[in-house]
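What Swiss-Prot records for this protein:
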{"type": "DOMAIN", "residues": "2-78", "note": "domain 'Lipoyl-binding'"}
{"type": "MOD_RES", "residues": "Lys43", "note": "N6-lipoyllysine"}
{"type": "DOMAIN", "residues": "132-169", "note": "domain 'Peripheral subunit-binding (PSBD)'"}
{"type": "ACT_SITE", "residues": "His385", "note": "active site"}
Amino acid sequence: MPIKILMPVLSPTMTEGNLARWLKKEGDKVNPGEVIAEIETDKATMEVEAVDEGILAKIVIPQNSQNVPVNSLIAVLSEEGEEKTDIDAFIAKNNNVSPSPKTDANLPKPHENIAKVEEQVAVIKHDASKIFASPLAKRLAKMGNIRLESVKGSGPHGRIVKQDILSYTPSTVHNKIVSRNPEEYRLVPNNNIRKIIAKRLLESKQTVPHFYLSIECNVDKLLDIREDINKSFSEDKSTRISVNDFIILAVAKALQELPNANASWGEDAIRYHNNVDISVAVAIENGLVTPIVKNANQKNIIELSREMKELIKKAKDNKLTPEEFQGGGFTISNLGMYGIKNFNAIINPPQSCIMGVGASAKRAIVKNDQVTIATIMDVTLSADHRVVDGAVGAEFLAAFKKFIESPALMLI
């Protein structure tokens, strides 16, 4: 009897996904545990393993298909000797989804519009000189200060077309071509990750009452301790500590002291998290993901750094599992490496807080009534006022500042 292969549910919020690639073809033998396809979810590309043994009799949904509903039929396994008519009847009975191939065939293409203009426009007669030119060629000639009389047309009946203008070489230095790309834009279809980011962030800005608190942190002591640790492990690059590792640990320790900031909004109740699980924003080629450092308050700086390096690598390779990016009680977004001084990040619902971290820079400060130089880092907390009151947010930032400016406290 034929066996269904269904579009898997890879996360609690997943309702549809993109079937990125088939790793088996029709007629191939399939064994339990073999990877047969790759599914693109809102956060990563996941591998699909076969559960049953059989022959891949029919691929119902081709690769590069978008928006395939979960639990819909994507392929059929058969046993040896089953007839094709039985397979076709089985598919007709169980299939209720039409594939939506990932294609830009229906998107308007600017160069096609240009071609149509050149092919369909009527030939225009210019006074007694009888110069024939397409409207596009005339526009380009005007932009480049080119006299049409000096251009030889290569189109039908000597008609001047776009390419004649673009390839024209002036006879004097006074005639100069200004080449402009006639295609004003290019269209890139939104992938699943970009659609989810757009949906969730729009929902956040429209429904979550954000408020923002900022604070400056002196990171001179932190930079000194970081240098000492990295010198101690100079031969082992996997143990090199980043400033962001210290920031994650400082947030974890601050949340341990201020558990009211480690919370999520619900219509009927606020959820206060017993575990300190911190989401860290990581930029990838197709958008943004937030892998989670779980129980961050229980890890030392070396353990946390190694785990974060592994999560970043998996994120950039699209290899994160759902357990590694779903959940979390607090998010960190660090744009300091781009030279950004400060910014207001958008909360990731249902979380109630996200902290934006800016670049560290030397500034003049007053200490003991004396002007001195210190390395200062700006951080801004975005908080959901339904969950976190202003005083709680301020107390959290004060605790974070304490750990950053006295890093030995979080290494004990």
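Backbone N, Cα and C atoms are what each Cβ position is placed from, and that goes for glycine too.
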Original post:
Looking only at the domain 'Lipoyl-binding' (2-78), what are its DSSP counts of helix, strand and coil residues?
Top reply: 0 helix, 41 strand, 36 coil
Subject >> Neighbouring C-beta atoms (10 Å sphere around the C-beta of His385 (active site)) >> reply: 13
Original post:
Three-state secondary structure of His385 (active site) from DSSP?
Top reply: coil
Original post:
For the domain 'Peripheral subunit-binding (PSBD)' (132-169), what does DSSP give as the number of helix, strand and coil residues?
Top reply: 20 helix, 2 strand, 16 coil
